[in-house]
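Written below as structure tokens is the structure these notes are about.
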Amino acid sequence: MMEKNTMLFSLKDVGKEYQGPAEKIIIFSRLNLDIAQGDSVAVVGASGSGKSTLLHLLGTLDNPSRGTVLFRGRDITAMTAEQKAAMRSRDVGFVFQFHHLLPEFNTQENVAMQAVIAGMPRREAMKKAAHALELVGMSGRAGHRVGTLSGGERQRAAIARAILMHPAVLLADEPTGNLDERTGDSVGQLLMDLNRELGMTLVVVTHNNSLASLMNRRLELRAGELYDQNC
């Protein structure tokens, strides 16, 4: 169990813009945000408002145009590419709308694969994968090929892969977007269970109001500004 209520992320005057064909496209200009260890945060807003961009900044998949992003007090915008990769491997789990599981491998092998590629002995990675699958209620499907799994089971397997190394934060981009309502509700509840049981910080980009309502914080990105709807 991770210690809660310590600051995990602090964004200070963060701006992000891209150069368009004729002019700069401003995604957001000055975001300030604190996320504590153990928080569960929904990020909502219209398409194109910058929700996924914010998630990418937290996960070191992109850099801000200005400002600082602190992780446990350390400025991750100043990290080298190697340091960012190490942070992602150790501290960050990602879940996306599409699971990107490989059909030629079974469920447990898919969950273990990233750790094996990173250098973990296969036996150790498979043991960790078995435990992760147990946490998401998928022990009985460990030896099954991915093609035999339902949509909800595949997303659960993707979540198991994301939590394999017990990261400090799970970043999920539309994790229920490709699922029917009932299955999406089940996956949403699983994410909240992991947040509570493991103390894992959860940041979810979603258009699903049912999923957003489960979180203890709801942030809206609108016209380049961030609004905390719990304030």
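Backbone N, Cα and C define each Cβ position, glycine as well.
Taken from Swiss-Prot, the feature domain 'ABC transporter' applies to 9-230, supported by sequence analysis.
Long-range neighbours of S47 (ATP binding site) (same chain, six or more residues apart, CB within less than 8 Å of its CB): none. In the three-state DSSP classification, S47 (ATP binding site) falls within coil. The ATP binding site annotation in Swiss-Prot covers G45, A46, S47, G48, S49, G50, K51, S52 and rests on sequence analysis.
Within 10 Å of the C-beta of A46 (ATP binding site) there are 12 other C-beta atoms, taking all protein chains into account. In sequence order, T53, L221 are the residues of the same chain, not among G45, A46, S47, G48, S49, G50, K51, S52, whose CB sits within 8 A of the CB centroid for the ATP site. Listed binding-site residues: G45, G48, G50; maximum Cβ neighbour count within 10 Å falls on G50.
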